[in-house]
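> This is the structure I have questions about; it appears just below.
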Ligand code: NAI
Ligand code: MG
């Protein structure tokens, strides 16, 4: 099992080092190779996604990615900016399914935007389609309005579209993921208004015939936004399009309250994936040894589950993280009363010890 390790910029190298430490402690036959990405790669090789880095990622079963970006690159031309590395990797690897779990550990309910009783034990998974929808649909542009009450005025337009195979593959991913969880999928749409999402709903319903053991419910996006803050624990897997998923996944992230705890994964049709924390490179705390490595460590657990087919090793890491939190260890971003504040490396060491 080959893993491409791309630490990136800012706190990226610090947090990825801890995840690598945890992976090594599992004593699995993992082959890990590191390559520069983002600003670090621009400094080293003149490009945020050098050919050698891309090749390594393509040949690996999975990519463990830290974070990229720093204000100092803001003046570079767009194709050379660090963020282009993620877009380039998404495209080259054909990543179409973005997994964003929102888990609220019992010890961290104080960090949530919601009341503790609403989020204690929360464990939901938002799956966002990444390649289609109004973000990429053609045609788009600006023109003189051809009709309507403002005919002749300047207007802008985008095109919302989804094809059957695009919806089918993301629906299958959602049903498969639900089988490893509580066997419930909520498909979020706006079928009452949008033809694209009536089609989405129809296709998801058809695919569901292959998964009779999984419960399927349909929900309008406005209601889903409301239910996520009213009763988030009613969800298990939420699957939706690119734009609704963008918004709902950020909303769900806030239920847990701590950006330093949130992993993410992006998968392609071959099961290869890119795994990274949901946060950025945090230049404000880089190099200080205080960053929370748990989002990256939990991303490594997702990698074991979804790309490397090692669910037991994944569960071991997740249990170790829970144990460390239960023991009262915290990095500064999640500190609360009566707990012990530790740095990045000490947190990684504690997770390794808790693996048992
Ligand atoms: P950010 O997520 O890097 O930081 C936001 C705040 O959260 C900061 O106060 C930071 O110190 C804190 N924070 C983030 N991760 C943390 C951790 N693991 N432990 C403790 N505290 C943590 O977002 P920001 O500041 O908007 O962006 C900084 C840079 O990161 C920018 O260059 C941006 O483009 C880039 N970025 C990269 C992403 C990626 O690589 N996928 C995603 C988001 C932003
Ligand atoms: Mg977003």
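Using N, Cα and C of the backbone, Cβ positions are placed for all residues, glycine too.
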> Would you identify which residue of 100, 140 TrEMBL lists as part of the substrate site it also attributes to 90, 128, 222?
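Among 100, 140, only 100 appears alongside 90, 128, 222 as substrate-binding in TrEMBL.
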> Note down the number of other Cβ atoms within 10 Å of the Cβ of residue 284 (NAD(+) binding site), including every protein chain shown.
9
> Please report how many Å separate the Cα atom of residue 282 (NAD(+) binding site) from that of residue 128 (substrate binding site), as a whole number.
24
> Under 8 Å Cβ to Cβ from residue 190 (site 'Important for catalysis'), same chain, six or more residues apart: give me those in sequence order, or none if nothing qualifies.
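Same-chain residues close to residue 190 (site 'Important for catalysis') (Cβ under 8 Å, separated by 6 or more) are 197, 220, 221, 222, 244.
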> What does DSSP assign residue 190 (site 'Important for catalysis'), in three states?
coil
> Helix, strand or coil: which one is residue 128 (substrate binding site) in, per DSSP?
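Strand, per DSSP.
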